[in-house]
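Take a look at the structure below.
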Amino acid sequence: MSFEMEPQPEGRRGDAVSRQIALTSVFITWTIVLINNPQQSGWFALHPTLQSLAVLAFAFGIITLQPTNQPKTKAAGLARHQIAVFIGLPSIVLGTSAVYYNKVLRGSNHFTTWHGTLGLFCMAWLFFQMFLGAGSVWSGGVLFGGGMKAKALWKYHRQVPEGNVYPRSHQSMPYRVSGYILFPLLLFTVHLGGAWSTWGSKYASWFVRFVSYTAAPLAIILGVYTRLRSVNFCALNGIILTFRDRTFKMPIL
């Protein structure tokens, strides 16, 4: 007779706080839009609402996926992560398209602010990140050769080493940190758009802007990054040391 152990909870301190702060920030953003005649704003009204929804989904997707140590929680975390992406990606694409189309209708110039320029950069990076993640997981990672080749690329996508111990022989391997850099960039773009834009200054007080678009993004980052194992920071340190020593070698996938 075999006994199957129930998976242990893997929630960590900071999970609930970061989720609640993200939800609060979305609630405030939607409230600002809805109480200030969204019909008059036209297509632009979809921009802050959908972008904030997308960032919320991405935050949930990171929290639910990183880290997980048990097979069942890994599988469940991956499923929830993909659901979050399926919500976040269409939302951020539609929100970006809405503000672009609104500028076309008004005859305004595009990407004239740091918010718009950084937003476009993040969008391109986001599609690259999604391509790596989906291609290395869906259909057994057949897009990238399947098997261990795809699994190796998934590790670059997430910057997650196998097992609970970071192998000494792999300390110089440059695990991809793109996802962990992209998420703060997205939040910084939110900060620029909410705290410093004409829209934010017109419809929200400085205190509301500070709480929702400065303090909240910082708190979300802290909450999300408490999920990271210290071993991932060792991986980043290994990358820096490897570049310094000029011994960087990219594995052939």
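Counting starts with 1 at the first residue shown.
Including glycine, each Cβ sits where the backbone N, Cα and C put it.
Bear in mind that TrEMBL entries carry predicted annotations, made automatically and left uncurated.
Here's what TrEMBL has on this protein:
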TRANSMEM  21-37  transmembrane segment
TRANSMEM  43-63  transmembrane segment
DOMAIN    50-138  domain 'Cytochrome b561'
TRANSMEM  83-101  transmembrane segment
TRANSMEM  113-146  transmembrane segment
TRANSMEM  177-197  transmembrane segment
TRANSMEM  203-225  transmembrane segment
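Counted with DSSP, the domain 'Cytochrome b561' (50-138) comes out as 77 helix, 0 strand, 12 coil. Outside the transmembrane segment (21-37), and at least 6 residues removed from its termini, the chain residues within Cβ reach (under 8 Å) are 45, 48-49, 52-53, 55-56, 59-60, 194, 203-204, 208, 211-213, 216-217, 219-220, 223. Within the chain, the transmembrane segment (203-225) has long-range Cβ neighbours (under 8 A, six or more residues past its boundaries) at 14-15, 17-19, 21-22, 24-25, 28-29, 32, 36, 59, 62-63, 180, 183-184, 187-188, 190-191, 193-195. Averaged across the domain 'Cytochrome b561' (50-138), the predicted model reaches a pLDDT of 88.
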